[in-house]
Structures are given as C-alpha cells and as structure tokens.
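Annotation comment: TrEMBL describes 144-403 as domain 'SAM-dependent MTase RsmB/NOP-type'. As annotated by TrEMBL, S-adenosyl-L-methionine binding site applies to 258, 282, 302. The active site, nucleophile annotation in TrEMBL covers 355.
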C-alpha cells in the first residue's frame, strides 16, 4: 500500500525544524505549540507531525549523508525541504511531484541509507566531538548511543498513597491502554503504545505520575524511612520528591529546593494532586543552605548535567550541546557537592545522581569529592544503562557522612 502525504502536515514538520534549528527553540515546546495551533488535526495527523519532527532531528547527520547535503549548494529552506523529503522517502512514502522534492532520487537515498560502510558517528547520527567523548568515557558506547537513538517509552509510577498497581492497570485497561509491569522497579508500569494520559480521571485524581523508570530508581536508591527529614536539593518540578513522600508513607518531612520558583510552584500543585502532605518548598538563596546545616537524615542531589542519558527524549540536544557547556556543568556539579553536603547530619545518607552517561560527570565527580572530604565514604554506585534496561541513562552514588 502506497503511503500518501498531505502537504499541510509536511509543512508543519518543516516549520518545526526551522524553529528548532534556526531559532534555537526546544523541540518539545515547538511541537506542543504546533499541535495546539490546529485543533482540527486528528490523532493520526498529530502523531505524523510529532514523530517525524523528532525522527528527522534524531537522524539529522545520517540524513545529510544520505542526501549528500554537504556537497551541494542551495538555500536554507530548500535544505529543510530535502531533509524532510529524504526522511519520508526512507519511511516508505511515495514522494509527490512537489517542486521542493524535484532533486531527490529515492533510489540513491535508500542505497546510502542501507549501506553498511558508514562510520558510527554517521550511522548513529552524532557530532564528532560527542562521539569521541562517548568513546572515551562511556562503557559500551556503541550499544549505549544506539539505545539512546531509539524512541522513548512512556513509563508511569503508581502513587501508593492513593492507589495500587492492580487498580491503575484496571483503570487504564478500561481506557483501552495496554500496560505492562517493569521488572526490578517496584511501582513502575510501561505503556505498550504511546498514549496521552494527562486527561484521564485516574491521572487527575493522582493515582499515578508520568515518570521514567530509571528516574524512579533514583528515589528508591536513597532508601528513605518514614519519619525522617529529607532534603531534595535540586528538586525541579519534584517527580522524585513526590515518590520519596510515597516511600515514606506521608510520614516525616521533605524540603524540596530549587533555584527556579516556577518549578517549585508546579511541585506544590502536583503534591496536592498526589495527596502528599509532607513536602515544603524552599527557593535557594544565599542563606538557604546555612538554615539546614547538619539537619538532614537523607540528602538527594540530582544535579544539573549534560542530559546525555535522556537524548532519546531530547534528540535536539545532540546538536545544541557544546563541549564548553559540559565543562561548565562539571564545575557546577563539583560546587554543589562541596556546598550542599553540609546539610547532611553525621550518619546521614547522600545520593548524588545525574541523567548523564559521561564518566566525568559521574564516577569522576564522586571520586574527586571523596578525595577532598574525608567525612564521607562511598557505600555503593550504580549506572542505569539504556542499552541494558530500555530506560533513560542515569548514574547514582550512595555516600554516608561518617563524621
């Protein structure tokens, strides 16, 4: 069966790409805005726009290779049209006789796409510097970058303060949403097919949260106990704080901190929906850390990072990341470890975590910290491998303050 193309949908993909690459906008925000602009599009049209936008971004370098883009001169808009046309050709669409596609040769494009003599950086569509860094720092880089180029799955976390796995599975099945359990992640479920969830009654009642299974493992790794005092010092919008509250059975105290007030405001709303009563928020200022010095039983530092472990969700980051940014973020990580760990009491437990796959942001940071802080000892460290688990990539280290 020949797959036909509708020009308004193709133009929507093209407009997305121009905004993402030329105007430096975030892919997820651009796509959301585009889909909201035309409420008449059905689910199939919306999926076409979103999936093809993400896929073309993900395979940008491979597409340039298949289209021999670097060896020809033409206008910026023509280049985007050809990238879209080339990808649709690879996906089995019958290219219409539009003037923008007149120079495309499907036979040559497919031959280059299927050839086996491509280098890894072309085959896996990554910039030279990132491929070299991955080779130097990431165990099994071949497998990991391949996994990070696959479509992301949707995972949810059952909120045990309001529901349980059986109830959530039953509620989703009534909505004809296929779901499966996730081995080794206590409260995680995985959707077999991507579906919109935030309009569902069970979601709005707080019976579950949308959260990657690897992210859930970080909260579990801290191994909190009820009636403890916990600080989530880089909380963001609070996905891990909410899970920590559930693991504590809503008993104790959690202080969720961040440098961005808007994220903490979102956390308050989510906490209300989740039935969480033990979270307070605190915007980080100069005096904030002193206020909690030596008080926390548990401290979670889910620090800013390169995001190389979540490239499947943010494929545009491959083309926007710069070595200078990674250098900067390493310095921030080291500073957070030096400064924030004073909030932990002697005998307390610290988890340092990133969504990076790079050793210099992970094991090396912890090793450097321990060499300068004899009051801490390493209990354990763990990597969540996208290649082995299908989850996003994470690193976590558990440390104890011994004095």
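Indices start at 1 and increase along the chain as displayed.
Heads up, the Cβ atoms here are built off N, Cα and C, so glycines get one too.
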Set of same-chain residues at least 6 away whose C-beta sits under 8 angstroms from residue 282 (S-adenosyl-L-methionine binding site):
255, 256, 257, 264, 288, 291
Where residue 282 (S-adenosyl-L-methionine binding site) falls in three-state DSSP terms
strand
Using C-alpha atoms only, work out the spacing between residue 258 (S-adenosyl-L-methionine binding site) and residue 355 (active site, nucleophile) and round it to an integer in Å.
17
Average the per-residue pLDDT over the domain 'SAM-dependent MTase RsmB/NOP-type' (144-403) and send me the rounded value.
96
Can you grab the distance from residue 355 (active site, nucleophile) over to residue 302 (S-adenosyl-L-methionine binding site)? Cα atoms, rounded to a whole Å.
8
Across every protein chain in view, the count of C-beta atoms other than its own within 10 A of the C-beta of the residue listed as 'active site, nucleophile' is 26
Largest C-alpha distance in Å for the S-adenosyl-L-methionine site residues 258, 282, 302, as a whole number, is 16
